[in-house]
Amino acid sequence: MSLRDKLASRFRAQLGSKLVTAVTGGALTVGLARLLEPNGYGVFSLALAISSIFMFAARFGIARSAGRYVAEYKETDGAQIPYIIRTSLLLNVGSILAVVILFVASHRSIAARLNQPALVPFLLLGCLFVVFGALVEYTEHVIQGFEAITFAAILRSCGRLSRLFLALGLVIAGFGAIGALWGYVLSLLLATVIGGVYLYTTVREYGADASEVESGLRRRIAKYALPVMATNASLVLDKRIDTLLVGFFLSPVSVSYYVVGGKIVSLALAPIAALSFTISPTFGAQKAAGNVDRVSRIYEKTLVNALLLYFPAGAGIILVADPMINLVFGPDYSGAVAVVRVLGLYIVLSAVVQISDNGLDYLGRARERAIARLTTALMNVGLNILLIPAIGVVGAAIATVFTRGLYTVANLVIITSELDLRPGFLLRKLGLIAASTIAMSTVVFGLMDHVSGWLTLALVVTVGVLVWGVMSVATGLLQPRSLVGFVT
């Protein structure tokens, strides 16, 4: 099987998983938002954001480091794989225990500082969320390192489907917001067990341990985790602290608006996240084999296709934000409209980051990526502190988009220094993509006055997609036969 066929097969599996994640995540978001109403959903989301911060800390960068070395050594010295898994798992368990102890000791004071006493039971339960969330993350990244993308897709789908039914089921059964969090915890427990069993059987296939561990291997695993940990810290600052600051400066209702906007962005980014997860290990494997030119062409094609999809997607979300929020979530969430419109720009930037970000880890450029990530994340915190009290929840969205733009530029600079890219080729494609997006946006904008309900909104979106499709085919950006062949 050729590399293209392998990537296509893995992408189909991962895309299926991401679509399941998107559909179940969307249903869960809408269901919880409507069942719990803005205040209850805001408290739940705030607790989830705080727990996620501790979970990021518990990961300590070890999962990505393990995945990177698994991807490398399975090609060169498979006998070292058991050592890699054993060392990284021990490090991961140690970091989880340390963080959970800290979380248990501080959960009451966190709730008190936020002036939200209702958070206390949520944060205590959040300790279990940290444990199983970090373990699931570890298994996913190691499985990714083995390039077992199909199983990783199945694992993610099982986790998300169980989360949907457990969380909504417990809320409907009368357990309220705390029941929703229990649903999250139980689904993570299920994914941990399934992923752990698969990982154990996979490692056993590499046979008995090598006569001795390669000199310095354990040290390199721990050392490489440090820049990845810095990146994880910046992820916390970039994706979770803003939610925490909205809760600190404003209210749980404002948190619900911001979270709804963020969930819409996450759903839109599901396809590109699938592609990024699929191709990232290939970057490292192909570079290790000396195929830099091949990696460069893969990256170029992937980037062009990502922008072809997400330029119009971002524009479309900006245009239909008002009727979409009111129809899907209800008029109680109309405060999220402005947030969604600002975050429409974030979608375009994140498409570029998704393609470049994980790939830099597998290309051995985690340190540079970590510096860029941490710098822009700190800027994001500063801007949030300045803008949220001044202009409300929209200020958090503006800060996120601005710093995401800076990080996107940094990613492109680093990836350009690593790969042999063709700037002229990329700029020509970008111009054609912009033209298609402008044509689509003009048509959709002209039709927005006719939107009065679900049917008319769906018709307007359909017309926009058709205009984009025709323009993309006419300019040669989209080749229907190649697309159908890749995804089927």
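Cβ coordinates come from backbone N, Cα and C, glycine included.
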**Q.** Per TrEMBL record, range annotated transmembrane segment [choices 148-175, 400-427]
**A.** 148-175
Q.
Would you say the transmembrane segment (454-478) and the transmembrane segment (430-448) are touching, if the rule is that at least three C-beta pairs must lie under 8 angstroms and be 6 or more residues apart?
A. yes
Q: For the transmembrane segment (303-321), could you work out the same-chain residues 6 or more beyond its ends whose Cβ comes under 8 Å from its Cβ atoms?
A: 264, 268-269, 271-272, 275, 337, 340-341, 343-348, 350-352, 354-356, 426, 429-430, 433-434, 436-437, 440-441, 444-445, 448, 451, 457, 460-461, 464, 468, 472, 477-478
Q | Long-range Cβ neighbours of the transmembrane segment (118-136) (under 8 Å; 6 or more residues past either end) | A | 43-44, 46-48, 50-52, 54-55, 58-59, 63, 92, 95-96, 99-100, 103-104, 107-108, 110-111, 159, 177-178, 181-182, 184-185, 188-189, 191-192, 195-196
(Q) For the transmembrane segment (454-478), give me same-chain residues lying six or more residues beyond its boundaries with a C-beta closer than 8 angstroms to one of its C-beta atoms, as numbers and ranges. (A) 304, 308, 312, 316, 320, 323-324, 327, 429, 432-433, 435-437, 439-441, 443-444, 447-448
Q: Please work out which recorded stretch in 20-36, 42-62, 333-356, 377-399 has the most C-beta pairs separated by under 8 angstroms from the transmembrane segment (148-175)?
A: 20-36
Q: Using a Cβ cut-off of under 8 Å, list the residues of the same chain at least 6 residues beyond the transmembrane segment (20-36) that approach it.
A: 44, 156-157, 160-161, 163-164, 167-168, 171-172, 176-177, 180, 256, 260, 263, 266-267, 270, 328-330, 333
**Q.** Chain residues outside the transmembrane segment (377-399) and at least six past its termini with a C-beta under 8 angstroms from it
**A.** 233-238, 241-243, 245-246, 249-250, 254, 257-258, 261, 335, 338-339, 342-343, 346, 406
